[in-house]
Each structure stands twice: as structure tokens, then as C-alpha cells.
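A.B. asks: Have a look at the structure that comes next, please.
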Amino acid sequence: MPVLTGKELRIVGFLCNWCSYGGADTAGVGRFNQPTDLRIIRVPCSGRIDPLFIAKTLINGADGVLVSGCHPRDCHYAEGNFYARRRLEVLKRFLPILGIDPARFDYTWVSASEGQRWQKVVTVFTEQIHALGPATRHENVSPELLAKVASAIQGGNRVAA
Amino acid sequence: MTDPFNPYLPEVATILETVQETHNIKTFRVRFDDEAKMKAFKFEPGQVGQLSAPGIGESTFVINSPPTRMDYLQFSVMRAGEVTAKLHTLTAGDKVGVRAPLGNAFPVADMKGKDIVFVGGGIGMAPLRTLFLYMLDNRADFGKIRLLYGARSPLDMAFSAELPEWTGRSDIETTLTIDREAEGWEHKVGLIPNVLLEMAPKPENCVAITCGPPIMIKFTLEALKKLGFADEQIVTTLEKRMKCGIGICGRCNIGTSYVCVDGPVYTYAQLKQLPNEL
Amino acid sequence: MSRLDALKTRIKEALPGLECVIGWQKGYDALHNTPLFIRGEADVDKLEWGALNVHNPAVYLPSFAGKKVGVVVKGCDSRSVVELLQEKLIDRDNVVIFSAGCDGVVDIAKVRAKLAAAGLSAGNAEKVTVDGKTVTVTAAGKAVSMPLAEVAADKCLRCQFPNAVLADAFVGDPAPQVQAAPAADADLAALDAMSVPERMAFWRYHMDRCIRCYACRNACPMCVCRDHCIAQSREPHWLSQEDSVTEKLMFQVVHAMHLAGRCTECGECQRACPMDIPVLALKKHLNRTIHDLFNYQAGVDVAAIPPLLQFKLEEDNIKERSW
Amino acid sequence: MAAVKYIPREKLPEWLKALAAQSRVLVPVEEGGSVVFRQYDPARAPVFGSDATAPPKGAVFPASQELFSYAYGKAGEENAPTLKLDPKTEATPTVVFGSKPCGARGFLIFDRVYMGKKFPDPYYIAAREATVFVTMACATVENTCFCHWVGSGPADAAGSDVLLTPVEGGYTVEAVSEKGAKFLDNPALTDGAAKAAEAEAVKKASREALGEAPDIATSPAALLSLFDDMEFWRDQSDKCVSCGACTYLCPTCYCFSITDEGTGTAGRRMRSWDACMHFQFTLEASGHNPRPTKAHRLKNRVGHKFSYYPTLHDGLIACCGCGRCVKSCPVSVDIREIVQNAVAKAKG
């Protein structure tokens, strides 16, 4: 997909059908100014989001991932977002061990009527990703950094040899 | 310098026509885009090809048109997995890849001058069709030709457009059967092995060629044995998961026999020699 | 009576009612034990108990669904059995658990390194004796002694469960708890000390040599999907066949995330890895996260519900971002 | 055969640098506790002492390689849709330096299949022809070594182009093939006649260290006779966890999968290592699987190596006896034991 080099980054949004997708729509209908980096994938519920969707997106080079669902206690399916909250929090804390900046991923709740909140979330998150700049992929680690880390590993099965 | 032959590289072909045979069987008639290659293409009845939907993958199907009719190569595809599901979305004008011919062929030379009994069940009619039509196109070379073709119901019967011709010809004897009574069905009702026993073909100077689902094959073999057919007089075809189609990749072997090159056609006598791993 | 003899006696008594009993026996050389499937009384005498029983036999249990089997376990292995019971992946009535106190098992990679330092190859091991706290390996005619603490598996150094969490036949005296509070995990400490980009380089370095054999997955007692793993599915197409670090690391993420709140840290994934890739570190990190967030440890309570299969209306430790 | 040459240990880098100037040179190096073949880097000392964790199989048969790329063109108002397939069979000139004899000999098993008369494999042939094996004879052997069972030995030059033998202070160097002879033209190599006897003694000693090999000549018939004895195969496979370590690390395992990777409009058809120990290997779209359990699959693996392949290829066993399948197996499944059990059981 064509990216406006230097201007846009690749941010993927997973939005639940019932609240946040509606919230984004409300923001659009209200003609609120928003950055255009976000590509939205609509899912039935934040509880449908396998944390691996996000991990795969980031490992494959996306610059940021934003998840948004219904506010807790407002889930269309009663409790999907409660499960999602646990999974997403675990994932967020898992990312740094992989070498991915956890600031590249956030999750939040936006209801269908909260067009302004959506505008704010998108704007803040996009600015946050722009501050981080384009993501590096594992494949593209610089030879210098690779050599530095490799020389620190003395061999053996251990991380901390 | 021309590149050496690359057995992994499909010929790009165009679908000329498709026929929705049943709810899950679709027939594709294709021609190579390279006319010179199409004109030079040779195969024998029973040989298979790998039909590709590049981007999804390829699967093995018998070329079920006969080598006597080279306007196109015909493949009939039953929807089962990822590749066949993709192929079913294709239509006239779409591109496919074809790697063919692969595998062995029916022992046609051994069948000359003999009576022939075809016993086909469901999609198993596809491999028989190529040989059946080849024999019709060389009718004088063979003795009495009988076809027993069965399916679960009339709606499951592939090649239905051709059935009136097959049943109407006087130089062959065609019997159609379905498993259970259906409205408007004018042919036999009964399981293939039972109908075969009723037909009672004589084994003398005769070859039986059968293909179909495993359970049908099992009971058809029993019926043929009951009728007195020797193992050498019974010919069938095998199916295995294949990737390379050229005897290398290692998944279609039954002991020392690689179904993709040594098969898919085997006599019952040959099958009995193989280890039990169907 | 030794722990081993006591185990043999109990197994012999129970064997007639069981499909088999899974334990360990001597392997192809002195340094390697190997899983044993006791199907007849003559097999019972092959049973071994000790520091070379490195494998987790719980991995085999789900494949015996519907049959009643026995399993000999170390304390750590018993947690896998408990977790399988927690998730109803095996039936309590169909498993008989034999156990004894465990004094720790070796990490063969560490033994290999010790021998290499002495100019010897583990591939020439002729004799291994474990005497209390010392392991002595004879290779190419030379005996090398090493403190068990220096060649024990990492998990043993921080072991909380030297005795089975759950057993039907626990024989002999319980093994003593590891003295002193377990130190922080060295692997995690090392990764914690790295910057985020350094960790990316770390995984790039290690995953590069992954051969995608899936030994880590297949040796994992909690990887119960086995033949139906999404790593090898085309629909959905989670992983491609490209020989890239991205694909290889992505599988480790799949494995780790599917173990979140379920992993008992038996270490089989890393032990099984023929390429010595430190894949356990990912699970250790997740376990720490799970513990921090939900104060939960997998495989210690048959009645407990894994943390990602439940929730609280107000989470105690999750601080959501305010925009 | 050309005369024996000699290279002192400290001159090896000089020779390696000269080779690396002309081709890709792969040497065994230590990486995170494993020994793997990597492109020669003067800053990383090669490890020649012990056998590499992974053999140099990927030098000729990569874990994953492109067979061809595909690209669809959309139908316009005038033109029909298009499909373009673009194969790449070229290979990089490569020297595999410092593999053990078993690692090089593995390709002799490949050759019979990939260089057959009916369907020679252009990808394999290009890579094979572009690769030279400078092999290191074994001065020591390990518990898992059994090359002498399968008609080979610790100084077997079959499949190699040059054979080095470690001697005091350095290595003797012998050209094995014509291709290899061309590589000895380097000032770092001197006359080695004085070292020849010592080298022969090293070869003899390591061969003797392996001891006598058991008689497994009847393995093809024995394994076939046990085909339907599923209790035997259950017992042999009980502890197997069905991973692919044994096959992927095997210098003779040559099976592969073909998959398409890419988007709907463009991508690549890949060939990648596959393992007969995986359930998916023979799984058919219908759901039927001719090798549904690990017992069936292990039977095929052992059967292929010690029965079917030798039956088809003049008795050549499809195993080079490197022992990696034993050493790297997470549960120590021992193929030697299985073959011996089969031979014994078939004898009755």
C-alpha cells in the first residue's frame, strides 16, 4: 500500500463494530480534523482481537497499533472487553522483551457517541508514533548493534552467560 | 542457450470454459497460452497434471479429456481444500498454471482386443473418462465396452451433459445408478458393487477399470473377485497428497512406490505387492 | 528402601490396571536418560530416578485420552499435570501420579560447557555419577567433577516445588526446599538490563539459527493442539514458509502468548531446542507479568481458573491510560 | 590423485581469505552455544574440532528457496488478465569449508534423487555444481557417531572435493575431485609428503575408535516385514514427540514442501524443508491421512532410510551416520536402536 514517505506512518487500528467504529464514524460525520495515518480494521468486539493480531502487525513492520472497544460494562456482548483488557495489558507488557517499544501499542475505549474522544485518541496516538518515528524490523537491525549484542553473548544456552 | 527443463515451472494456461458439474465438482477446460507448446503437448490416458492457482498453490488432477481430443485439457475439481476452493472461484478467461503430464498411464496396449468394464463412482469417473473417451475414439481396437457409473444421487453425477450420448450409443453399454430412489430417475438404483454383480461381466479376455471413493473400491474389488476377475485384470488409480509430482518431495510413497511417478495407475496385483499404507 | 525401589514397588502394584506408566530409563549414553513407557513388569526394572531425568513426561498425557495411564513426575512436572487437569485436558480418573522428592536435574548444555572447558566432549561421556551435590562425568577416560549447583537446570536453582504438587503415590522423604529466597532469574535480569533496541538485536541474533523444527512446541506439555497448530495451517495463514527471522520469532510469540497464564516454566521448550535458542526467556517474562498483574502461578491448584479465562470488573493492577 | 599438501594451522585464514575473495565461503562457527555454518568472517574463528550442530545442508538445499515469482496483471477493457511466472535457478559459487565427511556425503543421497534421468532438478543441480566441499576428516568420534554402519567412515572422502586431515601443527590437504584440485593452488599450501603417514594414522585411529559395526545388511527386508506390526512401531515411537529436529538436522533428509507466499496479485512459490514426522506432511484435503500417528511416521522415516531407498538405489543406505538425529532429539530417540530392533525382530 502506498505510503506518503516521510509524512505518513503505518498505524493499524482494530476497532470494535459496536462502539469505537461508530465513534470514529461520528468523528467523521462531525468533520473533526484527524491525522490520516490510521488504517482501520473493524472487528465484532474487542474480545475478538487475538493479541497475536497486534504482535504480527508490529513484528511485520507496522509503526503503531491502536485498539479501541466499548467502555467496560458497555460491551455489546456484555463481557468481551473485560477479557480483552487482560489480554491487551499482558501483550503491552510483553512487547518490550521482543525489542518492540510498548509505546507503539495502545488500547482504549471509545463509545459510538464519543466523536471528540475518538479525535483526541487518534491525534494523541498518531503524534506519539510520529515521535517514535518509523519502526525497525528484526530483519533490519543495524550490523553494528547486532555485532555489539552478539559479542556480549558469550555462548552457551543462557541469556546471561 | 535455452534454459534446462524446469519441472517445477507451470505452463501458463487460460480457462476456456467451466462446467459446474455438481454442487462441489467443477470442470475446467484450459489451453496453454503458448500455442507451440500446446500443439507439441503429448500425454497418455490416465496421466495427471498439477493445476496451479499461483498465490494459493497447486493440486493434482487427472487430465480427464482424452489425448484424441486436444482442443483443450480438461480437469474436474472437487472442492475440498484451499487450492480447490480457489480454483472453484475461477472462470473463463482466468489464468492458471499447468504442470503436465505427470505420472504413469493406463496400460492401453495391454487392453487392446479385450472387453472392457469401467466401474466409476462419483468424482472417480474423472480418471475413467479420459480412457473411456480414448477407447470410443479408437472403438475398433477394443471388444465389448461397458460402463457402470454411479453416484449418491442424480445431482451428484458429474458429466451429466454427456450421459445421454453415452447411454444412447449402441456400440457401448452404459449403466447408471444412484444409491437411493430419486424422483425422475430412469436408471438403476443400488450400490455400485451390487449393480456390478447383477451385470455380471465375464472375466474372460476382459479388463476391469475402477475408480471411486475408498469404500466403493473396497466392495467393488470384492465383487470383481467374486465374478472371477484375476488381480492382473483389475486396474485402479490411487490418490495421495502430492507436492512436487516428480518423485522427490517424499510424501506420496507407499514403501518404494511413489504414486506421483510410479502411479497413479496400478493393477490390483501391483497394489497387493505394496505395503499396506493407503 | 531407596526412592527408586519404592517407586518400582508402587508401579508394579498399579501396573495391571494401567495402559502404561511413563517414566525414564537409561538412554544411548551415560549422560542421557530417555523417556520410558512401562507396559509390562519387566520394564519396571528399567526405571531411573535422579538428576538425569530431565524430560517432562506430562507431555505425553493428552495423547492417551480415554485410557488410564500412570506417570512418574518430578515436582516441576507435577505442575504440568495439574495445569492439564485445570484445563480439563486430561481426566483425573485416568491418570495415576507417582512421585518422589527431587534433588534437581542437570542441564546437559551446562555439563557440555563444563566438559568443553576441561578439553573434553560430552559426546564421549562414558560414566556419570551423581553423589549428593556433585556430578562426576567421565569422558575419554578422564573424570571431571562439577557441583550440581553449577550444572543444574536454571529452574532447579529457584525451585519452589521439589515435591509433587499432586500425587497419588508419593514415596520416600520429601526433598528439602531450595535454601534462601530464590534469586532473581539471571536470564530476565540480563534482558532487563538491555535497551529495547538491544533486545531486538538479541532476538535477531538468536532466532536466525532457528530451523523451525518445532521441538520447542512438541516438547511443551501445554501445547496441546499438536497436529493442528496454527503455525502449520494455511487457513488462517499465520506464518509463511519464508526462512526469515520475522517468521521464526513470530512463532515464538505465538507459543508464548498461547501459554500466557498456563506456562509452568518446566523449561522443556528450551531444553528441546537443538539449536540452543533461549526461548524460555519469553515465557519467563510473561510469567512474571502474569504474576505482577494477577498474582497468579500456573499449575499449583487444580481448581484455579487461568487468569486470561476470567476477569474482574475493576482490575487491581491494570492502570488504563487516560487520554 | 595429486600429491598430499600441507597447511599450518596459522595459515588457514590466509587460504580462507583467498577463497572468500572468489566465492561464498561457509565455515562452522559458534553461535549461542550451537555450531552453525556461516559466511566466513575473519573476525570469527571457525570451529573445526567437533561436528557442527547443523550440517551444511542449506548450502545446496536452502531451508527455503524461491522456485519462481508470480505476478497477475488485471484485465483491462482491451486485454485479458495476465499471469507471469519468473523462475530463478541460478546459484552462488560456494565453498563449504570444514564440514565433517558425513555432512558432505549426505549429498550423495540427494544426488540419486535430484539428479535422476527423468526429472533432473535444475535448482539443485545449479547449487550442487556451484558448491565445493573442503572437508575435515574426524580425529575424534562421539558416542552418537555411526558412519561405519552405513558404509562410510570418519575419513570418508565420498562427496567431498578436498579432504583435510588434522595433524600436529596443521592439516594435510588432499584433492579428491578435479573440482577440488583447482582449489589447492595457493601459496599457503606446501608439500605435505612428510605429513602423509601421520595423517593416515589419524584416519586409522578414529576409524578404530568407532569399533565394529553390527550387521544390518538385512534391514531393507526386515523393516518391510514389520510394516504391519504396529505394536512394534508403537513401542519404537512411544517417546517421539513428532518434531522435525531429526529431519531438519539430517544431512540426507531431502523432503520438501511447496507453498505459495504472497498476496493475491504477486508473490513467490517457495520450496522449503518439510518433515515426514509432522502430521500435515501426508494429510489430504479430504481429511484422510495415510500416516495418521507418530508410529506410522517414524516407520516411514526409518523405512525410507534403511529399506525403501536402498532398495531403489543399489543398496545405498539413505543415512550418513552423523548421529545428529540421536544427539539433537529432545527425547533421545535412537535410530540405531530401532534398526537393530527391527533386524533382530525380523530374525525372530
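Backbone N, Cα and C define each Cβ position, glycine as well.
Pulled these features from TrEMBL for this protein:
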DOMAIN    B:8-108  domain 'FAD-binding FR-type'
BINDING   B:CYS244, B:CYS249, B:CYS252, B:CYS260  [2Fe-2S] cluster binding site
A.B. asks: Around B:CYS249 ([2Fe-2S] cluster binding site), which residues of its chain at least 6 apart sit with Cβ under 8 Å of its Cβ?
C.D. replies: B:MET242, B:LYS243
A.B. asks: Around B:CYS260 ([2Fe-2S] cluster binding site), how many other C-beta atoms are within 10 angstroms of its C-beta?
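C.D. replies: 26, counting other Cβ atoms within 10 Å of B:CYS260 ([2Fe-2S] cluster binding site).
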A.B. asks: What is the set of residues, excluding B:CYS244, B:CYS249, B:CYS252, B:CYS260, whose C-beta falls within 8 angstroms of the centroid of the C-beta atoms at the [2Fe-2S] cluster site?
C.D. replies: B:MET242, B:LYS243, B:GLY245, B:ILE246, B:GLY247, B:ILE248, B:GLY250, B:ARG251, B:TYR258, B:VAL259, B:VAL261
A.B. asks: If one looks at the chain holding B:CYS244 ([2Fe-2S] cluster binding site), which residues at least 6 apart in sequence have a CB under 8 angstroms from its CB?
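C.D. replies: Set apart from B:CYS244 ([2Fe-2S] cluster binding site) by at least 6 residues yet with Cβ under 8 Å, we have B:PRO7, B:TYR8, B:CYS260.
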A.B. asks: As a test of the contact definition, list every same-chain residue at least 6 positions from B:CYS252 ([2Fe-2S] cluster binding site) whose Cβ is closer than 8 Å to its Cβ.
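C.D. replies: When sequence neighbours closer than 6 are ignored, B:CYS252 ([2Fe-2S] cluster binding site) has B:LYS240, B:ARG241, B:MET242, B:TYR258, B:VAL259, B:CYS260, B:GLY263 within Cβ distance under 8 Å.
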A.B. asks: DSSP-wise, what's the residue breakdown of the domain 'FAD-binding FR-type' (B:8-108) into helix, strand and coil?
C.D. replies: 13 helix, 44 strand, 44 coil
A.B. asks: Should B:CYS249 ([2Fe-2S] cluster binding site) be counted as helix, strand, or coil on the basis of DSSP?
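C.D. replies: For B:CYS249 ([2Fe-2S] cluster binding site) - judged by DSSP and reduced to three states - the answer is coil.
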A.B. asks: Helix, strand or coil: which one is B:CYS244 ([2Fe-2S] cluster binding site) in, per DSSP?
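C.D. replies: Going by the DSSP assignment, B:CYS244 ([2Fe-2S] cluster binding site) belongs to neither helix nor strand, so it counts as coil.
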